[in-house]
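Remarks on the structure that follows.
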Amino acid sequence: MATMPSHSLRHLSITRPWLRTIRSSLTTMASLAEDSTQAQTQQPSKPNNAYFPKRGQILELVCESLGFKGKGVCKVEDSGFIVMCDRALPGERFIGRVTRKKGNYAEVTKLKTISPHWDFVDAPCEYASYCGGCKTQNLSYEAQIRAKEQQVQELVMHVGNFSRLELDSLNIMKPIVPCDIQFHYRNKMEFSFGSQEWLPRESLLEKQDGGESYALGLHAPGFFDKVLNVNQCLLQSEPANTVLAAIQDCWRDPQLGLSAYNVHSHAGFLKHLMLRSGRDVKTGLPELMVNFVTSSYKPELLKPLVEKISSIPEVVSVINNVNTSIGSTSVGEEEYILYGKSAITEILRGLTFQISANSFFQTNTHQAEVLYKLIEECAGLRGDGSEIVLDLFCGTGTIGLTLAKRVRHVYGYEVVAQAIADACLNAKLNSIYNATFVQGDLNKIDESFGNNFPKPDVVISDPNRPGMHMKLIKFLLKLKAPRIVYVSCNPATCARDLDYLCHGMIEKNLKGCYKLKSLQAVDMFPHTPHIECVCLLELC
């Protein structure tokens, strides 16, 4: 492993305090994304600007398209006024109640469907109508990816300020890459234990018996304190569902003395159940890690559960993260091994990665292979071992390490200390010695950033949802690397940053110096509104 150079970046703790400073930026971009969805559905006729529905007003609406976060974009008849509705799908006619007014649009809650949406399919999951995880399961997959592709294009035009003529004539927008596996694709699921079970309205009367209401599952949309009980999830692997069913079968047994954590009183023992799937490097067989997050360390209470699930062949690791804080995070202050190994492994692009209970790893391993291959193609590496790669927001080093054997050196930067430690471990595990990983906050760089590495031939930037900070954008415009591969999990902030890098910003005295050569959406998470994008920029 190459020695980490000294650097001017401030070292931060794993708690990510910088998220507080950029939350307002993310809110702004959410509004931009929703505004672009409105522009997408504008009709030639001018809407009546005087019209504004009142809160609580009942409206009959038709969903026209999907917008930001998968919300349905609708128009009030005879006015052109835009309303957004969660769980409304294109073509669906429904009755909705206005719940919030936001600037030049409003939000409604769907009360009743009059006629179903286009491309209707039966959702295979029994929880699809209530769970917040898969909002579009009853929309055909072909329609899902069409909607995602359209959303990306609209954002690139309305937020990124690229014309349709430019995108079409230069063949910049590539077809979306669908996911071949639409179910059982997640290698990580986090379930919550709850002291209050959330029930659909039709089931409430059946539960008016005063009995206990413990639940293990997923938080009901809009409720931090109520949990929808889930016996299986069609997004996770079959072995993971076997473990979930085994735990559901016994954890409420009064003789075990287990209790679900109460977020109001802060009493109770069980907080979260995290299931992670990987593969044994030698055999290729699946292996599973089970992580119990508890409010205190009481291994004797967990012993019956550990004995039961350790008999499942795929379970090779049982971990206990102890989180004594009142927050809902699944990362514990202390970690204990209750059974088996401390980590599992996964293979990606021919490399072996070690996955601990709290380390980051791409959630869809199969589609990550597709994504990383696309990133490598966009990087356009010569393969002669002469190039320098700067890997920004490198996480556990997965992207940089998959490129390392074709370049001279990879320099990776990431704010999370544990992620950097995992990156160094993964480099050693794969006998990669031309990679240097540095911990520091890319939102707080100063003039000295860049002094500790040679000028890169390729920059890989994979920021989280808020996108890149203006300081980093200014650095990249000054650096003038020949190629930038921008990987984004938020098309709205991606479009904004592409605008800055290509067109500049007069108000901030920024002059863009890049051309957008290609942009391709990748569907990493079927049945959800999430979209990944890979963009190639070349120096003008």
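Keep in mind that glycine also has a Cβ here, set from the backbone N, Cα and C atoms.
All annotation found in TrEMBL is predicted automatically rather than curated by experts.
What TrEMBL records for this protein:
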type     : residues                       : note
ACT_SITE : CYS489                         : active site, nucleophile
BINDING  : GLN362, PHE393, GLU414, ASP462 : S-adenosyl-L-methionine binding site
DOMAIN   : 52-112                         : domain 'TRAM'
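The structure, with features from TrEMBL marked on it.
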residue : record                               : Cβ neighbours (10 Å)
GLN362  : S-adenosyl-L-methionine binding site : 22
PHE393  : S-adenosyl-L-methionine binding site : 20
GLU414  : S-adenosyl-L-methionine binding site : 25
ASP462  : S-adenosyl-L-methionine binding site : 21
CYS489  : active site, nucleophile             : 17
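Apart from GLN362, PHE393, GLU414, ASP462, the residues listed for S-adenosyl-L-methionine, the same chain places the Cβ atoms of PHE360, ASP391, CYS394, GLY395, THR396, THR398, ILE399, PRO463, ASN464, VAL487 within 8 Å of the centroid of those Cβ atoms.
Model confidence over the domain 'TRAM' (52-112) stands at 90, taken as the mean pLDDT rounded to a whole number. A separation of roughly 17 Å, to the nearest angstrom, links the Cα atoms of CYS489 (active site, nucleophile) and GLU414 (S-adenosyl-L-methionine binding site). Taking DSSP states H, G and I as helix and E and B as strand, the domain 'TRAM' (52-112) has 3 helix, 35 strand, 23 coil.
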